[in-house]
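Marked as Zn(2+) binding site by TrEMBL: A:Cys144, A:Cys147, A:Cys156, A:Cys159. Per TrEMBL, the feature ATP binding site maps to A:Thr328. Positions annotated as coiled coil by TrEMBL: A:520-547. Positions annotated as domain 'TRNA-binding' by TrEMBL: A:550-649. According to TrEMBL, the feature motif ''HIGH' region' maps to A:12-22. Per TrEMBL, the feature motif ''KMSKS' region' maps to A:325-329.
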Amino acid sequence: MGEKYLITSALAYTNGPLHLGHVRSTYIPADVMRRYLKMIGKEVIHVGGTDNHGVPITIIAEREGVSPEEIVNRYHREIKRDLDSLSIEFDSFGKTHSDIHIKTAQEFYLKLKENGYIYEKEIEQFYCPHCKKFLADRYVEGICPYCKGEARGDHCEVCGRHLEPTKLIEPYCVICKGTPEIRRTKHRFFKLSALAKELREYIKNSKMPDYVKNMAYRWIEELHDWDISRDMEWGVPLPDDSSQVMYVWLEAPIGYISFTKMLGDIWKDYWLKERGKDVNIWHFIGKDIVIHHSVFWPGMLIAHGEYNLPTSIISGGYLTLEKKKMSTSKRWVVWVKDFIRYFHPDYLRYFLMINAPLNKDCDFSFEEFQKRINTELIAIIGNFIHRTLVFTHRKFKRMVKVERERLKEEDLKLIERCEEIRERYHRHMMEFNFKEALMDIIHLAQEGNNYFQRMEPWNVKEEGRLEEILYTCGVTVKYIVYLLYPFMPNKCMEILDIMNEELDLELRGRELKKVKVVFKKVEDKEVERAKREILNIKDKKEESMITIEDFGKLDLRIGQILEAEEIPKSKKLLKLIVDIGDEKRQVVAGIKGHYTPEELIGKKVVVLCNIKPAKLCGVESQGMILAGGEETVALLVPDRDIPVGSKVR
RNA sequence: AGCGGGGUGGGGUAGCCAGGCCGAUCCCGCCGGGCUCAUAACCCGGAGAUCCGAAGUUCAAAUCUUCGCCCCGCUACCA
């Protein structure tokens with residue numbers, strides 16, 4: 001086959017590490033696909049990297065008082081570590097803040113210009129006189145002219161409307177909080193509107209999913225030209241005007257090409273139209289950036305003219321966390337690096353891929369994770385593998401291999417099923433239907449378990465027949481491990497190691513190593529702990545902290561006890577009359593037995609005066625006397641004489 | 001506000017584009033039985049769904065049309 005596959009994963013933005021949503025929508029699916037294609041002998045490369053330019057990064061850098069490079073390098077490392085920890089492999093992984101990318105992006109831009117797709121136009125833009133710069137994008141915040149809510153740049157956080165930034169009420173610069181003024185500046189525009197026809201034709205003939213096509217068609221109906229330059233320093237400088245940089249969304253997708261270039265000359269076999277004729281370019285992305293990949297990016301490629309266009313766009317749905325929307329600012333998020341401290345990365349890969357079809361939104365919950373791992377992966381798949389290996393090891397110490405001719409009809413039937421299921425699995429994989437592909441494996445394991453149960457090898461005395469049965473089971477195990485490998489590479493290699501086998505569909509009948517439990521059960525305790533520690537602990541601590549303002553709400557004063565008497569019906573209560581300076585209060589205190597009424601009279605104590613009045617044993621209490629201790633109870637009293645009514649702070 | 005996607009037994013999900021094969025799929029859960037090689041696992045059987053609501057098209061609708069309700073996402077200077 002001359003077919004080649006270029007898989008790209010959406011570039012990760014270097015403003016934070018990866019969370020479960022990122023890896024479920026994009027990186028795990030891309031890696032699963034790459035591993036599968038490679039396993040079946042296809043030529044495939046996986047290209048990815050980080051996206052380092054744009055306003056959010058400069059804002060973080062300015063707030064932290066460091067250079068944008070420092071932010072970018074920090075998160076680039078973290079992101080790569082997160083990906084490595086989940087066995088997500090790349091043939092090339094780059095940064096957009098790199099020479100090769102900047103050069104590639106500039107060449108791309110010049111080509112667009114040469115082809116007549118770039119023009120200049122003056123626009124109005126906020127300018128901060130204090131910071132002496134134009135306020136691109138989110139550098140300006142203010143009040144939404146529609147709903148009066150908080151708005152950032154062009155977008156209202158409250159009503160979600162898209163805004164004209166210059167229309168903001170009370171705009172301010174996010175750096176110096178000063179009021180910006182409107183100035184005119186010259187921006188470059190990309191003539192996207194001229195490409196409507198070509199884009200429609202391209203989309204029609206592409207293999208994108210229908211819903212992606214529909215979304216793209218609608219965009220094309222109202223295609224505006226695209227403002228592609230920014231008045232800032234952080235980014236890829238325009239090659240024809242170094243006072244401005246390219247808008248990130250123009251420059252970032254070019255990273256797919258730049259990072260392929262890092263592999264050397266073979267990049268041409270993938271990207272150049274004339275050389276790469278049978279290439280499938282698959283962009284794995286999250287569904288938030290479908291339009292960029294189905295309209296803007298193909299538009300750029302058409303305008304450039306020399307490169308291949310994407311074959312398909314595989315967009316993953318969003319992940320909610322325990323049924324609630326994830327939010328990094330509210331800390332309602334599970335970071336990859338936290339999760340893998342508790343559970344095997346392969347379990348996460350399995351769960352995220354089987355939990356729902358890729359293009360749908362779905363939920364991550366710790367209980368659901370545990371359930372699916374324990375009942376499907378372990379009870380069905382893992383158990384079939386394990387019972388086969390353990391039983392075979394006990395009887396023969398090695399995997400059994402017999403001639404196919406010896407097999408009975410029922411044996412051959414299971415082996416036929418292996419083949420049928422492999423084919424079905426292949427179709428599902430090539431349609432990016434990873435959930436169904438995993439279901440195919442479960443079904444095969446169930447048939448294996450069923451066979452095992454019906455054959456009752458533990459009752460079979462005749463060794464020849466036992467060999468046939470265990471050979472049949474062994475073959476089925478190999479199929480399962482093979483099909484499962486793209487999803488759970490580490491666990492599958494462990495099993496193959498025990499079996500002394502290779503990653504293929506042959507069964508060689510070699511010596512078995514000591515069998516151990518490869519798929520260990522996820523215990524309730526572990527789940528509870530992980531959930532508590534990942535989601536709550538920080539929040540709990542923070543929630544239970546109070547501020548000085550909270551404390552200020554307490555009206556604590558020095559009071560003097562004037563009268564004290566027992567409340568007859570109660571075991572612990574005394575009724576006190578306390579002078580708190582400007583008034584006298586009746587207070588019920590639970591100190592009977594610890595103090596006698598007589599010794600209390602005249603004492604100065606601390607009183608909480610603004611607690612809601614309550615009735616205790618039918619007696620109204622209009623305050624609270626502070627005391628400490630369990631067995632020995634002591635009242636809090638001032639250790640110097642201060643006036644009644646003094647505020648306690 | 002506009003646009004898009006979705007609402008199917010307790011949870012998840014298939015089927016809907018090309019209406020009858022759907023008295024609705026599969027995984028989990030639940031109930032009953034079996035087995036013991038296996039990580040209380042596995043095997044067999046069973047119960048459980050007004051297919052969001054209303055109206056319509058049709059000999060026939062989960063599937064098509066219209067209206068309503070609810071969830072989610074996107075809206076170009078949010079990666």
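Cβ atoms here come from the backbone N, Cα and C positions, even for glycine.
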**Message:** On the 0 to 100 pLDDT scale, where does the coiled coil (A:520-547) sit on average?
**Reply:** 74
**Prompt:** How do the residues of the motif ''KMSKS' region' (A:325-329) split into helix, strand and coil according to DSSP?
**Reply:** 0 helix, 1 strand, 4 coil
**Request:** Provide the three-state DSSP residue tally for the motif ''HIGH' region' (A:12-22): helix first, then strand, then coil.
**Result:** 3 helix, 3 strand, 5 coil
